[in-house]
């Protein structure tokens, strides 16, 4: 297009050059404003400014058109103009992508003849409109556009183009983009027929954006009659074909009716009848000339394209009374407002200057024509489309100018607001730039002086850390706020250290850093088996945990509680689990903890405030998914003035809540759901019930002798030899010695005491070897100690202190000839006299003594129950029951229940046995220093009382456990494995337990059950048959016959004497 402008100037055709330059400038500026309007809310101000500049600059050239210099414009096809994408309002057209060269060549070959034909048609039309003159100097044979008189005042029917953003005003260019193929084809047909005209009307629904309408109610009835001045073909970013064109509105028109719509054309095509819509319209607009020839309407081809076609009529202004005071006042105020606006907006000022320079040659003058002035004001304004449409529809020039003045006032307000914002922004930018320059200069000065700024270094460190981390959105916001706050604090301020420490903790946590979980079942099993012997329940649970994670693709955090006696390996199995899962291990103990701040941290305002143990764990492990072992959770401190730690753990150990664990120090949620928590406890009785419900409990029982032997051989002995420096020595601790060690020295459920005794044995062996080899480790040449006094009584500064820089001794190589065998007989030399000299307290139990089984936090153990007569049976004795042995409330109730049951049972089985009528019984549980309680001694106490009542000793190799009801039902108990281990350790051969525990017995390992005869009792009769099955009814009735005969005789004698 620039080429055409230059060529027009060479030939001296100034009018044509002015017209082309106006079209070119208007198209570019209107298109730039349209592009800015698509940038969203953030570019609203820029779009508004661009729109105003576009409309205002275009108006300068529009005035020349109205003055006769140029009206209308030539329709420039794609091949007639230089590539320029500024005419497209919505998206800049671009060459189609993704097509091969051959397809492009084929399309160009097909399109070239059509375009040449269109060029010839357009040039011929221009030549006809301008009288046939053509520019001669490089004009390419193109003629001038038609003059004002050649713009048609009326067409029978024209295409209707809906506008979505704002209405068009006469005399002001507008860039429009269409996508509908039918509309594009129709426009091309108009250009080929040299009818570059259409009607543009504003859509009522702003959300709609389409190129055709089906109902006249979809648009406002008043629009403009516009000329297509240039077009450009292309595709948008989505690959759709598009046509950009620049419209020049000539006058206001009113849409009278719709002749054709896409919907009507589609229906007509479906009916495919001869008297269809298209044919009917052809006949309607076909006239016969005087010579009898038929003449077609030049725009009737639009009826076949499927676009919206309508009939228009001019929308003329009402007569203007130029002597009206109101009109003159409005004109004056509008001009003054333009003057004010030009003083604020430099762009508007340049536009008005350009208008003033040419206004003298234009008729009518825009500053003297209220109608043109109102259109100019509305055209350069950015307002609501409906309000602008109201200005377009107003026929009364005075009212139109008044409405346009409101828009100009708004523009002034917006310009003033923009000016204010610009000044404030410039002030802030200048201040920031000044501060930045001064800060950089200060930094340079300090660097030259060798003075390092601690605050800047800390901020740089925090920023460097933050770049390597993946902060969550809420943490990133807090970090930025605190870092900005730190940069504004002086190093001497108290808040400086608080904020610095807070940022240090935030950037020290492993945000977005996690260790890679290990999903190999074989590898995990190997790690667990190598570290621990037994513990099959725990190992199976961990392998199940890994298997689920492998199927899901991730291992979720869990809360596991390991419960068992001391020394069974609860803490060490936690370390093995972390190795099996390839997770970092962290342990902390909560035993005796009574301050909730240890869990959730202190408030940041306190001096020396720190986060809780969990945040420390994340910082130490540097992963988001460590394994944290909370040790001794059953020994948490009780509620006090410092809070309840157990309640603080409720949030942490709840899988549904620990995603947003809130540490008091950090004061923002931290995701702990990826952490695997393993808790340890010796008993469940002291763990709060709400806390216990949140954990998956796995019970670890004590070890039997065979398991302890294996653990000692595989783990304890090699570790003890290594720790005592006897790794290569020939020291042999035989299996028999280990068994003797367990029998005589270590009868606990775990192996902690066994480990201590083995270490003691090897320490004694190390001493014996060193003494046997007679090794003298005294230094060969030790410096003599001298005490030389200085002559003047002052120390000599040049004197150097004496030092003994002897080399470190090398490990001793023990000869192979040194050999020590530790046998059961020689254990006394290493460990002293045996602690336990017998398997049981009673090798032969008297009547009333029964071996019971108990389960404590130390594991299973035997508990004897003894019953004796407090005084001989006599006529003066009264029945009673006394119990001792530090029995708890539950065992006291069990003793009273057993006493009542025994009386009932004896009266039913042996009615003539009157023992309980006169017996004052004392029931005792040995080891009175140890508190005893629990619901599993019922059958043991009843058996002890019945043994005393029948005066029959029981088999010392029978052990029993189980609770008893008043009617003789044997109830289920817990700790069957631990009690079985204790029975076997004490030499029992028969074990009696409730029948409901039979499933627990079946689950026991074979080596635990080996050598024991199980008796599952449902009622006490089953227990009685095992203990007293050989007692006949006669024997049971006559046990105390002699004593009661004596009592009866004594009573008879006493009554006869009275």
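Quick reminder: no glycine exception, Cβ is built from N, Cα and C everywhere.
Residue 569 (ATP binding site) falls outside any helix or strand according to DSSP and counts as coil. When other Cβ atoms within 10 Å of the Cβ of residue 569 (ATP binding site) are tallied across all protein chains shown, the result is 24. Here Swiss-Prot flags 564, 565, 566, 567, 568, 569, 570, 571 as ATP binding site, drawing on sequence analysis.
For 78-97 (among others), the entry in Swiss-Prot reads compositional bias 'Basic and acidic residues'.
Swiss-Prot lists 106-118 (among others) with the feature compositional bias 'Basic and acidic residues'.
Sequence annotations record features per position, and here Swiss-Prot assigns compositional bias 'Gly residues' to 129-142.
If you look up Swiss-Prot, you'll see 158-412 marked as domain 'Lon N-terminal'.
Taken from Swiss-Prot, the feature region 'Disordered' covers 72-151 (among others).
Annotation comment: Swiss-Prot describes 778-814 (among others) as region 'Disordered'.
Taken from Swiss-Prot, the feature transit peptide covers 1-47.
In this structure, the binding-site residues under consideration are 564, 566, and the one with the smallest number of other Cβ atoms within 10 Å of its Cβ is 566. Annotation for residue 568 (ATP binding site): same-chain Cβ neighbours under 8 Å, separated by at least 6 residues, are 535, 700, 701, 702, 703, 749, 750, 751, 859. The binding-site residues under consideration are 565, 567. Their Cβ neighbour counts within 10 Å are lowest for 567.
Highest Cβ count within 10 Å among the binding-site residues 570, 571: 570.
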